[in-house]
Amino acid sequence: NINRYLLATSVPEKIHTIVAVSLLGDDASSWFDGAGLADSVEFPKFEEEFRKMYIPADFNRVVRSRLFELRMTSSVEVYIAEYKKLLMALLAENPLQAVRNDIEANAHIRFIDGCPKALQEILEALLISKDLSIYELFLAAEKFDRIYHFRPDTSKTSTKNTISTHSSVVANQLQSLPQAATPMEIDNLKMEINALRKENNRLKYQGRGRQQNSNDGLKPLTASERQWLRDNNGCFKCREVGHHQRECSKGKPPTRPAKLNNLSVDEDSSPDSGKVPSNQE
């Protein structure tokens, strides 16, 4: 940032150091006074000493480690701000484009890993359907958080969630929707999330053998899950929205033509044939 300022303001090179020192905070300014450096020291020398003091040799490793370990502990807004700060610091120390591309590619995975489980599934499904930059992913997380007001996960279980667990988390969060959200905004995002969840589930289970029972592997519904499904026109059997259990076609065999009055009608027992069904002869 200091380099950009010096270039933008056309500061003469011979006073780069003294101008840079005047822009430092109190702590850094005290360091300069105690380092024994003269005001006239050449700027490259000042920059080298400054980096030794405030940017350790293993800076990249430390920042990468912090990014990997970072988790949401208060709010989505605070988590994104901290993640951005670490990501920008890492990118600033790696000017090579190939390295920057690698950092940004891995940033998606690390960011999602630190989100609450319910938000993880939404963002993972979103990335399947859309090619988003890390900054667009931040915006998407903020958009969904304005509606669902996500809270930090308290358990240390695996990030892999079942559909049942996901429904429970979303159901609990729906009870604390912020008052500022409009009904239309809520409905639109519910539809978007349901569509993303269906697509995610379809791809997740694609290639597996047909299940003998569509309820295999699903845990019993809790009271809050049942209430959420009732409120959202959901099915207790397949856990999807848009139909009730009595209308669910999951696991049902193909329908066959019904027999009327248990009559077995031959081709020749039409009214024009003069014949009657065998049980009426």
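Just so it is clear, glycine is given a Cβ too, placed from its N, Cα and C backbone atoms.
As recorded in TrEMBL, the features of this protein are as follows:
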DOMAIN    235-250  domain 'CCHC-type'
REGION    203-224  region 'Disordered'
REGION    243-281  region 'Disordered'
(request) Write out how many residues of the domain 'CCHC-type' (235-250) are helix, how many strand and how many coil, based on DSSP. (result) 3 helix, 1 strand, 12 coil
(request) Average the pLDDT scores across the domain 'CCHC-type' (235-250) and report the rounded value. (result) 79
